[in-house]
Amino acid sequence: MIRKINATIEDFEDEKVLIKIGVLTLEAYPSLNVIRYFKKGDQYEFFASLEISEWNTSLYIFKDKIERDVFESLKKVSKIGPRIASKILRKTDAEEFIQMINSQDTALLSSLPGIGKKTAERLISELSNSFSAYSTGADTQSYGNNNLKEAIEALETLGFQRYEIMKVIGQLDLEDLKTEEIIKECLTRL
């Protein structure tokens, strides 16, 4: 089993990335954070997962252990598998995904590729206890409240990435804060 790879990014192609390890160039499926934070020529020790089936061998690479752990948990959910798990982690940050599961947000989960309402409900029921080790401060607060949702949408409109917003929100005491106050607090920390 391959767990980590020290590799150099050679090129990005559609859903894949070419990585060079010594004299070998391999094709891998990257997570959103690999796409977001790395560019051609960067060398990094990626977390990895090698999936072998009778039809295919696929390598998936991740920026950190949390992403790989989320991928490993996702692919075990019935009717998900590594392909859909990879597509999910190319559209959302692992911490944001954990937040969606912990807050039981079927609407946000349903917006991910390959996920409908029933699959979102299945993800919540099968993964609800899987990410307690990765919970953030925002998990214990009312993520579902309208003020917070409106603040997140406003900050995204201003150009901030959701994963950045969620990290800051995890540091805040959201009790009784209005939308404007949440935005103001986030802007001072972003």
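Every residue, even glycine, has its Cβ placed from backbone N, Cα and C.
Database features, via Swiss-Prot:
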REGION    1-63  region 'Domain I'
REGION    64-138  region 'Domain II'
REGION    138-142  region 'Flexible linker'
REGION    143-190  region 'Domain III'
- For the region 'Domain III' (143-190), give the DSSP counts of helix residues, strand residues and coil residues. 31 helix, 0 strand, 17 coil
- Which whole-number mean pLDDT does the model give the region 'Flexible linker' (138-142)? 42
- Query: With DSSP, how much of the region 'Domain I' (1-63) is helix, how much strand and how much coil, in residues?
  - Reply: 6 helix, 39 strand, 18 coil
- Query: What is the number of residues in the region 'Domain II' (64-138) that are helix, strand and coil, as DSSP sees it?
  - Reply: 53 helix, 0 strand, 22 coil
